[in-house]
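First up is the structure itself, then whatever we jot down about it.
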Amino acid sequence: MRGGAHGPGDRAGRCREHRQDHAGPCAGAGAPFARPAGHAGGRVPARVLRRARPHAAARGTGRHRRRAMASHRGRRAGRSHRAGRHHAADDRGLQRVRVRRPQSLPPGARAPAPLRPHAADRPRPGLAARRPAARRRPGARPGRPLGPRRAGLCRAALFGGLWRRLGAHGSRCGCAAPAAAPARPGGPRARRPAAAWPLPRMPAARMRTSVVRVRGEAPIAMSEPDSSSPPAHPPRPIRSFVLRAGRMGSGQTRALAELGPRFVLPFQREPLDPQTVFGRRAPRVFEIGFGMGDATAQIAAARPDTDFIGCEVHTPGVGALLKQIGERELTNLRIVQHDAVEVLDHMIEPGSLAGIHLFFPDPWHKKKHHKRRLVQPAFVERLVTRLAPGGYLHCATDWQPYAEQMLEVLGAEPALRNSADGYAPRPEYRPLTKFEQRGLRLGHGVWDLVFTKHQGRSASKQCTATSSP
């Protein structure tokens, strides 16, 4: 460490050679800690030494020391207006010393030049200022954050030149604004006609030409989408169910792992072969939405000469029915865990079912959700095509408005015939389900509808909707 003309200085700013306080080269910039302005002689106060102590010489690591000093400066922020700042330099770096500002300087003395503060005391630029200039929004201040770029795309990338020509590129998309065109020598740049603006791309089969008249200009031929042609992609079908997460018991999990490979049929786009699936050819009944499978297992156990295919999307219900299959040792029951509409379209052959069970489907109580109800005219037509002549369709619900809709839709199908005058009594083969027992406890009624597919489609029928007591 270098000092003044007499020798290196100590922590108090005194010359180590003379061991006394004096003004001279020893108190210059070469000393490790120069005596602040306003202290002509004597020892430097201890509080000043504590502020001026180097971080590396402090107890512990420099990171903890800087944190402690930063918190101390925060507590003394209230007195910052009465204190000045003086900087001292040594070979270890730049430190900032907080001393009291003197009222006046001695004659001939000059205030010390301010030095660059320590890195911990320098203000850090904002996040937007540290970002590259290419991602900065035009006209944004350095300290303000940029708007989020959603999904990595912007409006200009989605709509191409049309968005830039409409002058909407100054949004928060984060893209660079298009460069302005150079001014022409003859005058300002003329505006391009509206007919020259590019339009979004669309297949030629779906475009039709129409004439649009713009004020002050000649008629312009523009292309519009043709609503008469079919859309490029088919609309997404409305699902009648919502997958919800449910708990799986240990017995259901074990049954799903042990019996699933044998009794759960994977979805395929080819019709099922009953000889391969059941090992025989017998009447088949298709059940839509068996829930936890209690009623399905009882019906399959009571009718061993009939093969049953249950369709369910919820995994806990599939595991519960597999557990029932293992306990009852059923061999005439299989499960498909998939959407029933797609299963009917691809896995069930037309005219191959002896019966269809639809017990207590989701009623979708709200009016805006009635479109999600399973019993709709289009779905009933699909069911009729899969029924064999003389096959039956058995529906049950505990929601009276839904029962009325079922009776109306099924009665309007010309290929079905009601087996009763209105609602039918509960057949002997159908046991009380969990939903039915809950409805009876709440005082709700239960309505069964049994329709059969007659031999000739030209036969006429009339159904009278009456409520059973």
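We count from 1, first residue shown onward.
Positions of Cβ are set from backbone N, Cα and C atoms, glycine also.
As given in Swiss-Prot:
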REGION    1-221  region 'Unknown'
COMPBIAS  8-22  compositional bias 'Basic and acidic residues'
COMPBIAS  23-47  compositional bias 'Low complexity'
COMPBIAS  48-86  compositional bias 'Basic residues'
COMPBIAS  106-117  compositional bias 'Low complexity'
COMPBIAS  140-150  compositional bias 'Low complexity'
BINDING   Glu287, Glu312, Asp339, Asp362  S-adenosyl-L-methionine binding site
ACT_SITE  Asp362  active site
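Annotation note: Glu312 (S-adenosyl-L-methionine binding site) sits in a coil segment as assigned by DSSP. In the structure as shown, the Cβ atom of Asp362 (S-adenosyl-L-methionine binding site) sits within 10 Å of 16 other Cβ atoms.
Glu287 (S-adenosyl-L-methionine binding site) falls within a strand when secondary structure is assigned with DSSP. In three-state terms derived from DSSP, Asp339 (S-adenosyl-L-methionine binding site) belongs to neither a helical nor a strand segment and is classed as coil. All protein chains considered, the CB of Asp339 (S-adenosyl-L-methionine binding site) has 16 other CB atoms within 10 Å.
For the S-adenosyl-L-methionine site, whose binding residues are given in the record as Glu287, Glu312, Asp339, Asp362, the maximum C-alpha distance rounds to 15 Å.
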